[in-house]
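Beneath this line is the structure, given in structure tokens, with notes to follow.
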Amino acid sequence: MKALFRFKSCSFDPTRRNQLVSFSGFSKSSKSNKPRENPSKIQAEATAITSLFNEITEILGSDVVKTNETTRLRSHDDSGPVCGNRALVSCTQGVRENAALGFSGENEEAQKGLLQEVDVYQITSVIRADDDVVSMEDRLEKLCFRFEPKIVENVLKRCFKVPHLARRFFDWVKDKDGFSHRVGIYNTMLSIAGEARDLDMVDELVKEMEKNACDKDIRTWTILISVYGKAKKIGKGLLVFEKMRKSGFELDAAAYDIMIRSLCIAGRGDLALEFYKEMMEKGITFGLRTYKMLLDCITQSEKVDVVQSIVDDMVRICEISEHDAFGYLLKSFCVSGKIKEALELIRELKNKEVCLDAKHFEILVKGLCRANRMVDALEIVDIMKRRKLDDSNVYGIIISGYLRQNNVSKALEQFEVIKNSGKTLRVSTYTEIMQHLFKLKQFEKGCNLFSEMIENGIEPDSVAITAMVAGYLGQNRVAEAWNVFGSMEEKGIKPTWKSYSIFAKELCRSAKYDEVLKLLNQMHTSKMAIRNDMFSWVISSMEKNGEKEKVELVKEIQKKCNFCCQEPDEYDKEDFRQEGEFVQESALPPASSAVDKITVQEICRMLSSSRDWERTQESLEKSTVEFTPELVVEVLRNAKIQGNTVLRFFSWVGKRNGYKHSSEAYNMSIKVAGCGKDFKQMRSLFYEMRRQGCLITQDTWAIMIMQYGRTGLTNIAIRTFKEMKDMGLIPSSSTFKCLITVLCEKKGRNVEEATRTFREMIRSGFVPDRELVQDYLGCLCEVGNTKDAKSCLDSLCKIGFSVPVVYSIYIRALCRIGKLEEALSELDRFKGEKSLLDQYTYGSIVHGFLQRGQLQEALAKVNSMKEKGIKPSVHVYTSLIVHFFKEKQLEKVIETCQEMEEEGCEPSVVTFTAMICGYMNLGKVEEAWKAFRYMEEKGTSPDFKTYSKFINCLCQAGKSEDALKLLSEMLDKGIAPSTINFRTVFYGLNREGKQDLARIVQQKKSALVAQRKVST
């Protein structure tokens, strides 16, 4: 790789300003990779480290502690755009670039600009509505538009997520007389190809540019470097970088930043350092995040002697304090296992009189524990104690360090010392000790520890209680285990799936199968989803012990669970999901029952009463409400459409004396910012959360991943997922689900990455739930990869899914893409429990027949299921209603509705939406409005999709003014209309010659954006 270029040698100036430390003592890493070491040399190095550590402890311990000794962490945005206009923050830049591709009505120019935008919209509609009857090219030929380069470029930008259609349009328009592609159009196509990871298309476009003598601009080169870097094609990326240099272009911050990030991720610190030296020579800078990546990469290599200059540059360029820069470097050394270098750093910094705070001591203690230097870690804790910097976190680290070495006696000894000193340990520390005691068969000690924890006023969480349950079961004391498990609900703690899983496994291990059945029935009664993998290992355990009768009982419970949790076969969930609410709710805290709803409503009224924040703040300060994190979470949840005001409220309440935001409050605030597409504010809240020391879990990352993904920014969602792993967090099941879900959605689909992530999830030992499997297999089938979808079935069965459930999901996916014959063939070939599979696939098959207009076959299927005692579901009735409306058989629609009523089948929001659209398509506008109002009278609230479909139908029927009223109604009900909703009404009013009303739509859209965003 090095042979690709010959970089100029670059030495760092030791006389530069802000020099933080001198690393003269850094000769070689304390963690060498050389295969052979002289034993005497190793011994000498160990002695040197011991001597160095003693020197450090003497220096730290001899300080006279002053009240202002600990430097407070400087509040700065960790995203790091900092010095100069060329500083790059790749995340926010990616958001800006994608945002530039969308519809923008705030900057209206002349009438010509408006007409061009209308042309772009109509051309895009033709392209994205491609069908098999009339080709896209034929329909484009019929349009009487002049295809100017600017219009073509904007059209392509709107086709960013349909690369195959974008390429067809690109190829078609270049053959038009008098038209030739310009560099801006090529750049857009390269971005589209890169987003789709279609490197072959990228290469073809580059060759075409060269063939047509279209010169590349600096953006072309930057896009190419970014494309190859994201695809981890480091060699190609380096080659493009060198060609860019030779072409005479001045290399900018974006090119260097992308190149250095790619090299750091690939572990090529040597090349990353060469690029860094070169860019520093040219005076080019980038953000703090890239500096931290470079620092981590370099400290893992042998070139630690150059970190001085990198840290100096962080202080000078990123405008952070020396104190903060020291923290980043210390953490990098400790994570890399470079204890010697970490200690030398502390010595040099103490000589420079740079103060240490609790966070930095904690980093050092963690590093020492990881390196199994427990005695040294205790000395650092002793120094912290003298400085009054010790807390429960650092003591928990020490105890965890001993337990990691399986040295339980030392952990208990340390535990007693801490307890006698009057310090209160966290519940997680108690739980960890208890678990180790139970493993060592020291049940009484573990039980006493649990009692002691409660006596000391430390409330146990679900993990601690589950540990006690496992302890009792290990002693074959089942009754006591049930009592402890039942105490969860008495304490207001809802048992998690993990708690149930551990309970069931321990019962199986003790062959208490009657108790297992009792537990499974309790899970089913409490509506706790029972995964198929749990059924699988329970059945396996029973079969090994010859419990055939109980196996049948478990299978009966499994059938009931699978039947109850079936998802509707007829409709895409994504089609009925509000754009602003596309978030994994599991990643957010549940609504708190301890919070007074009247108080929440009172605060929400204050926030919505005025757009003048100063007036709102005065009202809040006069209020006698006692603010708690739980209350703040509920306010954020209920007023999230007013993102600007509610996030100002979040900032205001966080500064009040005696109040501190919880992790749940930060998570909800991040969701609110993301729902308003205020990604800059979302990231800012994340960095603030980290600075405040709040626990950042996989749930926090899951929320950000879903917020990026719901808007089609899946590339940033992928980067966020990787960033989470780079931070040392192991993805959880819900995090995997979030990423795979957004990758499978039509908006921002990336099948290759979805497949890779799904396989990684399975390898990590997680079992996807039914919803995720439906999304994944449905996505594969929609893009034509039915072979890959079929090959997944066996692997899903191996990890716990029942065969009928897996095949029902696959058959459902086939029906949805119109491959009914294949679906019926799979149904015929199935050799398992046929009746169960029929039951699962019933709705899908009926819907498939109706899609093809085969009413008799669909009715025959319905009647055959009635004979088996299975009544039509609301989804089957809805499919029939849709079909009869399509065939203009209004009498049949009425008959079907009457039958639903007679059978006691309540229509769903999907049923009402289908009826509204059906009436509109028949030109019966008044009946559509009656259905809409009747829906509300029945207590079924219209959702985002209902409003969207009704708005589309009204605008198509020339009733755009009525659609405008629906927009206002959505806003009044707290439902945020999407950009497409505004655009549809805007163009509809313009077509009807109602320009004044069209301007009102633009004003409403601008007001909503201002209402939801803090950032500008």
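Each Cβ is built from the backbone N, Cα and C atoms, and glycine gets one as well.
Annotated in TrEMBL:
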type   : residues : note
DOMAIN : 338-452  : domain 'Pentatricopeptide repeat-containing protein-mitochondrial'
REPEAT : 217-251  : repeat 'PPR'
REPEAT : 252-286  : repeat 'PPR'
REPEAT : 357-391  : repeat 'PPR'
REPEAT : 426-460  : repeat 'PPR'
REPEAT : 461-495  : repeat 'PPR'
REPEAT : 697-731  : repeat 'PPR'
REPEAT : 732-768  : repeat 'PPR'
REPEAT : 838-872  : repeat 'PPR'
REPEAT : 873-907  : repeat 'PPR'
REPEAT : 908-942  : repeat 'PPR'
REPEAT : 943-977  : repeat 'PPR'
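For the repeat 'PPR' (908-942), the list of distant contacts is 568, 570-571, 576, 874-875, 877-878, 881-882, 885-886, 888, 890, 893, 949-950, 953-954, 956-957, 959, 973: same-chain residues at least six beyond its ends, Cβ to Cβ under 8 Å. Helix, strand and coil counts from DSSP across the domain 'Pentatricopeptide repeat-containing protein-mitochondrial' (338-452) read 88 helix, 0 strand, 27 coil. In this model, the repeat 'PPR' (357-391) carries an average pLDDT of 73. Beyond the ends of the repeat 'PPR' (461-495), by six or more residues, the same chain brings 427-428, 430-431, 434-435, 438, 441, 443, 446-447, 450, 453, 502-503, 506-507, 509-510, 512, 515, 528 to within a C-beta distance below 8 angstroms of the stretch. Per-class residue totals from DSSP over the repeat 'PPR' (838-872), listed helix then strand then coil: 27 helix, 0 strand, 8 coil. Taking DSSP states H, G and I as helix and E and B as strand, the repeat 'PPR' (943-977) has 26 helix, 0 strand, 9 coil.
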